[in-house]
Amino acid sequence: MQFTALVAALLSVAAVQAQRNPITITPQFDCGATNSQQYVARSGDTLTKIAQEIYHDVVGVCDIARANNLADPNRIDAGTPYTIPINCQTYDRNSCL
């Protein structure tokens, strides 16, 4: 009983500390972007199509592949959400191809 009360008290203190000192994590991408969006792939999508037609070439194919740890940038699955780095400082369009 005392152990349970102690654990509950410690968790309560930790929750209060977390509210007072929230941790903000800013994602970092190889292309220098510090922001991202989620894009759910549709049938017929490719990383090239996503980069060029949907994001108007403001991100490279290989930037998307790296952000999602894709071993094969030519293979993406419809219905799968992918992280798209936004506002890249540099664009990698071919090192992974």
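Any Cβ shown, glycine's included, is placed from N, Cα and C.
Since the structure is predicted, the reported quantities are computational estimates derived from the model, not experimental observations.
The number of other Cβ atoms within 10 Å of the Cβ belonging to Ile76 (chitin binding site), over all protein chains shown, comes to 19. Residues or ranges marked as chitin binding site in Swiss-Prot: Gly44, Thr48, Asn74, Ile76.
If you look up Swiss-Prot, you'll see Cys31-Cys88 (among others) marked as disulfide bond. Within the same chain, the residues at least 6 positions away from Cys31 (disulfide bond) whose Cβ sits under 8 Å from its Cβ are Val59, Gly60, Asp63, Pro85, Cys88, Gln89, Thr90, Tyr91, Asp92, listed in sequence order.
Here Swiss-Prot flags Cys62-Cys96 (among others) as disulfide bond. DSSP assigns Cys96 (disulfide bond) to coil, not to a helix or a strand. Around Cys96 (disulfide bond), taking its Cβ as the centre, 18 other Cβ atoms fall within 10 Å, counting all chains.
Annotation source Swiss-Prot lists domain 'LysM' at 37-84.
Residues or ranges marked as signal peptide in Swiss-Prot (evidence: sequence analysis): 1-18.
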- request: Would you report the average pLDDT that the model assigns to the domain 'LysM' (37-84)?
  value: 95
Query: Counting every protein chain present, what is the number of Cβ atoms, excluding its own, within 10 Å of the Cβ of Cys88 (disulfide bond)?
result: 22
- prompt: When the number of other CB atoms within 10 A of each residue's CB is tallied over all shown chains, which of the binding-site residues Thr48, Asn74 has the maximum?
  reply: Thr48
